[in-house]
Every structure is written in structure tokens, then in C-alpha cells.
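Chemist: Checked TrEMBL, it gives:
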- 12-30: transmembrane segment (TRANSMEM)
- 42-64: transmembrane segment (TRANSMEM)
- 67-182: domain 'VTT' (DOMAIN)
- 76-103: transmembrane segment (TRANSMEM)
- 135-160: transmembrane segment (TRANSMEM)
- 167-184: transmembrane segment (TRANSMEM)
- 190-210: transmembrane segment (TRANSMEM)
Amino acid sequence: MIQKTKRGLKIVLLLAILVAIFFEINNPFWQHLADHRWMSHYIRSGGMGAVLSVLLFGVVFTGLGGPRQLMAAMLGYVFGAVLGIGASLLCSLLGASCAYSLARFGLRASLEHRFGSKLGKFHNLVKHQPFLKVLLLRLLPVGSNIITNLLSGCVALRFLPFIAGSALGYLPQTIIFALAGSGFGKADKYQLTISIVLGIVSLLVGGWLYRSHMQRKVENMIKD
């Protein structure tokens with residue numbers, strides 16, 4: 001009974017994701033994504049319904065591999081820095097969760113055939129300390145966001161380390177680009193400066209984490 005319930009929930013989840021993608025494919029936002037003024041006017045004239053529509057679009061956009069940075073800049077311009085950061089992070093995490101779920105519950109066989117040996121290499125990378133590995137993948141400007149989401153679901157990486165590492169790893173760039181978008185909207189040079197400084201800091205932190213991790217691996221190899 002429990003197994004049937006879980007299977008039913010998986011089917012409902014997959015259908016909900018596919019329906020959301022279907023309805024968002026023809027959304028006019030695709031044509032105006034870089035037009036912050038159009039988006040701002042749309043939200044102000046459409047009220048809460050327009051806000052929810054923009055957020056749903058953000059989930060689908062990032063879930064399909066669209067650049068999170070562009071979404072963060074746009075939402076920072078439209079909502080301001082604080083709300084823009086929160087909205088962008090929410091969209092990115094929900095988008096990542098949707099891609100993860102599709103890979104784990106619906107596309108696993110196809111992805112195993114598509115990625116082949118890469119899947120095994122990815123599994124070997126993330127099976128130990130998955131939170132740290134996902135955090136590093138999100139912080140460092142390497143790899144593909146959607147590929148990480150799909151491979152994580154395909155190898156059945158535990159969801160909590162996946163989403164927690166993603167949230168913390170997404171945060172620096174989300175703050176940077178939301179502040180930049182908000183700064184452009186208000187011609188605030190201080191917010192732009194802060195976003196640049198944060199970008200440098202996030203790269204340094206990511207590099208330090210990577211170096212520390214590699215150093216521990218070498219030390220363990222020597223001990224073994």
C-alpha cells in the first residue's frame with residue numbers, strides 16, 4: 001500500500017512538472033526576459049497573479065538550464081535587492097528540484113544511456129561528502145547547472161545534501177546579480193560595487209574549499 005502511494009505521488013509530481021513546462025513554453029516572458037522595464041510594467045499592472053506567473057516562469061526557466069544569473073538580475077531589478085534575492089533563490093532551488101525529480105523518477109533509463117561512463121564518474125565524485133561536493137560544483141564556475149541536477153537525480157543522490165549544497169552554493173551569485181540588477185534599476189553605484197566584491201569573495205571561497213578538499217584527498221592517499 002505504501003509502495004503504491006509513493007508511486008502515485010511520483011507520477012503526480014512528474015505530471016505537475018510536465019504540465020508547468022507545457023504551459024510556460026509559450027509564455028511571452030521568453031521574448032522579454034532581458035527587458036527589465038517590460039517585466040516591471042507587467043508585474044505592476046498584473047498584481048499578485050503576475051508575480052506568481054513570473055515566479056513559475058523562473059522555476060521552469062532555471063529548471064530547463066536557463067542562466068540563474070540572468071533571472072537574479074531581472075528579479076533584483078523588478079523586486080529590489082532583498083525580495084529579488086529571495087525570489088531568485090526560490091526559483092533556482094525549485095527548478096533544480098524539478099530537474100532532479102525528473103531524472104530520478106522519470107528519465108533515469110534514458111539518462112543512463114545518454115551519459116554512460118560519465119554517470120559512474122559523477123557518482124564516485126559525490127557519493128562521499130555529497131553536501132560539500134554539490135556546494136563546490138555550485139560555487140566554482142565549472143560544469144553545467146542542469147547536468148549537475150540531472151546526474152544527481154539519476155544516481156539517486158540524497159535530496160537533503162543536494163538541495164542544501166545547492167542553496168548555499170547558489171547564494172553568492174544570486175546576491176551578486178540581484179544586487180547588480182537592483183543597482184542598475186536605481187543607478188546605485190554602491191550596490192554594483194558590493195556585487196563585484198561579493199563575486200570576487202565567492203570565487204576565493206570556492207577556490208579555498210576546492211584546494212582544502214584536494215589537500216585532504218592527497219593526505220588520505222599518503223596515509224593509505
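Any Cβ shown, glycine's included, is placed from N, Cα and C.
From a predicted model like this one, the values you see are computed outputs, not experimental measurements.
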Chemist: With DSSP helix as H/G/I and strand as E/B, how many residues of the domain 'VTT' (67-182) fall in helix, strand and coil?
Modeler: 99 helix, 0 strand, 17 coil
Chemist: Hey, which bits of the same chain come close to the transmembrane segment (76-103), Cβ under 8 Å, at least six residues off its ends?
Modeler: 13-14, 17, 20, 36, 39-40, 43, 54-55, 58-64, 68, 111, 145-146, 149-154, 159, 162-163, 166-167, 170-171, 174-175, 177-182, 184-185, 191
Chemist: Across the domain 'VTT' (67-182), what does the mean pLDDT come to, as a whole number?
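Modeler: So the average pLDDT across the domain 'VTT' (67-182) works out to 87.
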